[in-house]
Amino acid sequence: MTQQEILDSSKQATRSAVRDELLECLLSVALAHDHAATPDALTAGLPLEEGRLTPGVFPRAAARAGMTARIVKSRMVQLNPALFPAVLLLEPGRACVLVSLDIKARRARVIFPELGDAVSEVDLDGLADSYSGQAIYVRPRYRFDARGPEVDKKRTRHWFWDVIRENRRLYRDVIAGSIAINLFAVAMPLFVLNVYDRVVPNHATETLWVLAAGIFIVLCFDLALRLMRSAFVDLAASRADVKLSSRIMSQVLGLRMEAKPASTGSFASTLQSFESVRSFIGSATVIALVDLPFVLLFAGIIALIGAPLVLPVLAGIAFVLLYALAAQGKLHELSETTWRVSAQRNATLVESLSHLETVKTLRAESRIQATWEKATAFLSRTSAQLRLVSTSVSNVAMWAQHTVAVSVIVIGVYLIIDGNLTQGGLIAAYLLSSRAMAPVSQAAALLAQYHQSSTALQSLDGVMQRPVERPEGKPFISRPVVRGEIRFDKASLRYPEEERDALRDISLKIEPGEKVALLGRIGCGKTSLNKLLLGLYTPTAGAVMIDGVDLRQFDPIQLRRHIGYVPQDVSLFFGSLRDNIVAGAGSDGVDDESLLRAIKLSGLESLVNGHPHGVDLQVGERGQMLSGGQRQAVAIARALVHEPQILLLDEPTSSMDHASEEAFKANLKQYGQGKTLIVVTHRTSLLSLVDRIIVIDAGKVVADGPRDKVVEALRKGQIGRAG
């Protein structure tokens, strides 16, 4: 293929439903730097657009590969060769890897994603025609090993403060602007002083206009700086808000199930408390803190005008700060109490909304209404107390500001009578006293707000410290293909806050392609075994292996791609049927052929064909617009759509009628050839799908053998309970 043909094919290629050129470029760069990475590991949990990586999300994906990335705007000939290979963003919405550049020969060596890792030499001018003007520099981070121990382990990155520090350049500009604004604030009192002391007595109107022109220029600069300062502070807060919100959501989605809070409503309330943190780090807080040191400047100028005039200012500052500090204990107590009862009330709300039908059928409205009203009444009282203490701080600060102003005027009058102060000096001191007290009043009000934000930040910090499935820096083994061998080696599982094991010393082996049924009484541990196999929980003892590899070595995302799971309790999301079936498509995407095949296998074909919207029909919140059997069929479809090698079905037909169940069994027998199948069921009709039965009781295996022998033993009562 000639270089022009390469360029032409690159321009004419359309973005495939499953092709992510930007991701493939990142994988090529990672390979060039000897950093192992997989598509699942790089994109799991990231906000992809139509299943594809975007330039804005690219740096986050690169960080997962142990690299840093920075987007630059530059002409191609001005790119730094020392930072190659770099990713070029092409038009329209495409990408390639720039390996080297020979400007004199007008040649470039590039890697086009559609050609794999092959390096192609192309004409520089032809490549420049497709270049969008943006490139991404990608560099590897240095990897420390055990021989380079960390000396200061306390200096770990903090999810909140590190994001705030990332905007230090903006805050530096804010501080510089605040210095100028506070210096300009001195201009008005000095203008008034000169007008009353020099212009008025001498009728110097020419001087008046000069001073007026000067103060007008200062006021214009002051206005411009204030607008710029507010814009910079809001920009910094907005950047921090976006990054912090994404980090919190990423942490929530990545939580290990052992670390999941017991109450969803209370957990949601904790996450919503970020709103108070967001408002606290906004413009009012930053501006008040930056202006606070200039109180000393204004007090010093007042002392120069008349030393006695500064005494009420200092007394007022001390009084306001002491009162604000005295109120901190009560504010902290009330803030924590308010947060706790608010979380509890929110938990009641979420629980009642999630089970509204059950509440009605059980006639439990009275009990839930009573719980809600008790929590609301208590919250109302504590919130009122909190507002009372908070507003008292603001009101006392306002009272002190007015009292200081009156005191300055009274003392100033006596100084004028004694001939130690001019009338202009008194007015200037009055203006400066108000300017000095304003930041103190704002700081006092912020101290009242601080405890609400501090309590919220502490609760969020607890969430961010919880263990996640994919901890940063942990390497995972890449297994794009598995055979389907499963082995439990003395595996045990105990759920958090539980006193007894859900599974005890489970040891069994399932060969690739084997068909197995798990039988047992309610609560015997069948579903717990499924959760171990899916990597949702880590064994408290022993190990679980797939193809001889410990499950903990697998990337959780890649592991679950190999397992098609139908849960006992089906959960659907608000959206279309298509959205629910391909919910876990990730960067691989799902083409229409795979989607329609999964729909046919699951028994949804008649529903889709008979509905005017087809696969885009809406299922409603939690799938409430579908019947129980249809929801179960959707769960089956999304388990099969990715062609997994292991099928894990937990009561897959419990909500289906006999005809639907028989059709599903026939489809599964044909589809499941060569795949490992595990069926958890209480229905004997599904046992025709399997060749082997494992019986579990009280978390232990009590029987394991060929289907017919185990069924016969169960009928004769020869299989006892676990001891």
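Placed from the backbone N, Cα and C atoms, the Cβ positions cover glycine too.
Listed in TrEMBL:
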| type | residues | note |
| --- | --- | --- |
| DOMAIN | 12-138 | domain 'Peptidase C39' |
| DOMAIN | 174-452 | domain 'ABC transmembrane type-1' |
| DOMAIN | 486-723 | domain 'ABC transporter' |
| TRANSMEM | 174-196 | transmembrane segment |
| TRANSMEM | 208-225 | transmembrane segment |
| TRANSMEM | 280-303 | transmembrane segment |
| TRANSMEM | 309-326 | transmembrane segment |
| TRANSMEM | 396-417 | transmembrane segment |
Interface-richest range of 174-196, 208-225, 280-303, 396-417 toward the transmembrane segment (309-326), CB pairs under 8 Å:
396-417
Check the transmembrane segment (174-196) against the transmembrane segment (280-303) for contact, please; criterion is three or more CB pairs under 8 Å, pairs 6 or more apart in sequence.
yes
In the domain 'Peptidase C39' (12-138), how many residues does DSSP call helix, how many strand, and how many coil?
41 helix, 41 strand, 45 coil
Rounded mean pLDDT for the residues that make up the domain 'ABC transporter' (486-723):
88
Under an 8 Å Cβ to Cβ limit, what residues of the same chain, 6 or more beyond the ends of the transmembrane segment (396-417), are close to it?
302, 306, 308-309, 311-313, 315-316, 319-320, 323-324, 423, 425-426, 429-430, 433-434, 437-438, 440-441, 444-445
